[in-house]
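Features as listed in TrEMBL:
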type	residues	note
COMPBIAS	55-67	compositional bias 'Low complexity'
COMPBIAS	107-116	compositional bias 'Low complexity'
DOMAIN	133-261	domain 'EamA'
DOMAIN	342-480	domain 'EamA'
REGION	47-67	region 'Disordered'
REGION	95-122	region 'Disordered'
REGION	484-503	region 'Disordered'
TRANSMEM	158-176	transmembrane segment
TRANSMEM	188-207	transmembrane segment
TRANSMEM	219-238	transmembrane segment
TRANSMEM	245-263	transmembrane segment
TRANSMEM	344-363	transmembrane segment
TRANSMEM	370-390	transmembrane segment
TRANSMEM	410-428	transmembrane segment
TRANSMEM	435-457	transmembrane segment
TRANSMEM	463-480	transmembrane segment
Amino acid sequence: MLPKGCGHVAGAARSAGPLPGAALWRAAAAARPGRAARRQLRCAAMDRQQQMDRAPAADAEQQQGAAEPHLECFGTGMEVECRLVQDGPPHVPVPGEDPAVVSRSSAAAAAAAQQQPEEQDKGPLEAVLDAALLVSPFFFWGTSMVAMKQLAPHTTPLLVAAWRLIPAGAALLLWARQSGRQTPTDPMAWVAMALFGLVDGACFQGFLAEGLQRTSAGLGSVIIDSQPLTVALLASLLFGERLGVAGAAGLLVGVAGLCLLEVPPSVLASLPESLAASALQLASGGGGEAGGLAADAAAALAGSGVAAAGGLADAAAAVGGTAAAPAGSSGAQAEWSIWDSGGWWMLLAAQSMAVGTVMVRWVAKYADPVVATGWHMILGGIPLLALAAWQEGAEAPARLAQLTGSDVLLLLYISLLGSAASYGVFFYNASRGSLTALSSLTFLTPCFAAAGGYLALGETLTPLQLAGAGITLGAVALINNNSHRGDGEEGGSSEPAPAGKSE
């Protein structure tokens, strides 16, 4: 605010533009000589200083407005969910982030990234390093499943799951603090992060660790990689996203692929006979007995995990863990529970990760992505650690003392490289505009898991399982491509759209 009487000369100075010191003195002296000139000179100087003080604030507001919408990437299960958002906490740019890329819609960002010319001075070594950096998260995620399986004989699954979360979360929070990201103070932010940690942290990692005790790393990775099927269905039901013909076809093909992956061949071979027998019983009036046959068929399907793959959790609940006899056996009725199936545990993990992926839209409104990812790992790891201590009881210290140096290295690998570093590298790659490339590399995680399981553990997949893996991954690719096309059509929409996603 200028003093009284300063408006005349200050306005004249602004209209004439900035003047050097000597010219300003002469202008003031010509207008009013003597003391009046000195007074008006002081007024003009004060006005000029106020303009200079207001300039940085205006520039900061302009830069902040230019950074919206911005890219936010949340770690979910064994993937990173990136979204272009327009609300939420203040955005902290990532080193190397290209504002021209992250301020567009996902389709426009991908097009801009593809149209950017390659650097002329980039040599072969730098190109190889860039490719390795792009692929490294998928390598770490896939091989971490093999490492978790190797740790099984020496510790409990819940302890491995807790160890994978807590140190990684602490490392991410340290990165967030050093990069200037603020821990939220809003109670709703902590509620969102706690629920996110319970579903995507505790449930996913706990189910994953339990499933690895009962199935191969490669097969388990393919089952978990099927979670985009559930995400597409939930997004259609909860947010009204258009599934389309291609998306619906992808869901049906994906369920068929999961059937080939998880249902034993003997059950698949006997299923038509069971259905035919049920139809004959119904036609002959034996409805009660036919209902029993139908229940047995439902039990076989639920026992193999197909009910969970299609989202029919009520069928599994109806079975309630009852026993089913494998067809083609000698007739002995062997007791078998659905909880003995590694595929069932992996499907539970996939559904947990799918729900966590859908929750990202809600969490993004309250918390910074790096801070939310770090805290959701810690808050999700604490219940797993408590359950592991309760499960082990007095034997826990003795088992921990038996861990070898190799076991400690594997624990550090699955936590720091398989969780924290993978998330950070993915976030960095996404911020550079590599969203399309990252989304197209989803299939690498089960490939690395299968290759690592074969080399380290001698695990193999049957031809039927290989066919099911190919069909399932093809269905996921179909849904992802359908999602990207929908984003391109809605490029002008203000609604946040998925910017990139990969396991």
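Including glycine, each Cβ sits where the backbone N, Cα and C put it.
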Legend entry - Ranked first among 188-207, 245-263, 344-363, 370-390 for CB pairs under 8 angstroms with the transmembrane segment (463-480): 245-263
Legend entry - Long-range neighbours of the transmembrane segment (410-428), counting only residues six or more past its ends (CB under 8 A): 73, 75, 80, 82, 94-96, 133, 136-137, 140-141, 143-144, 147-148, 150-151, 160, 163-169, 171-172, 175, 369-370, 373, 377, 403, 438, 502
Inset, instruction - On the DSSP side of things, how many residues of the domain 'EamA' (133-261) fall into helix, strand and coil, could you say? - result: 108 helix, 0 strand, 21 coil
Legend entry - Helix, strand and coil totals (DSSP H, G, I; E, B; other) for the domain 'EamA' (342-480): 120 helix, 0 strand, 19 coil
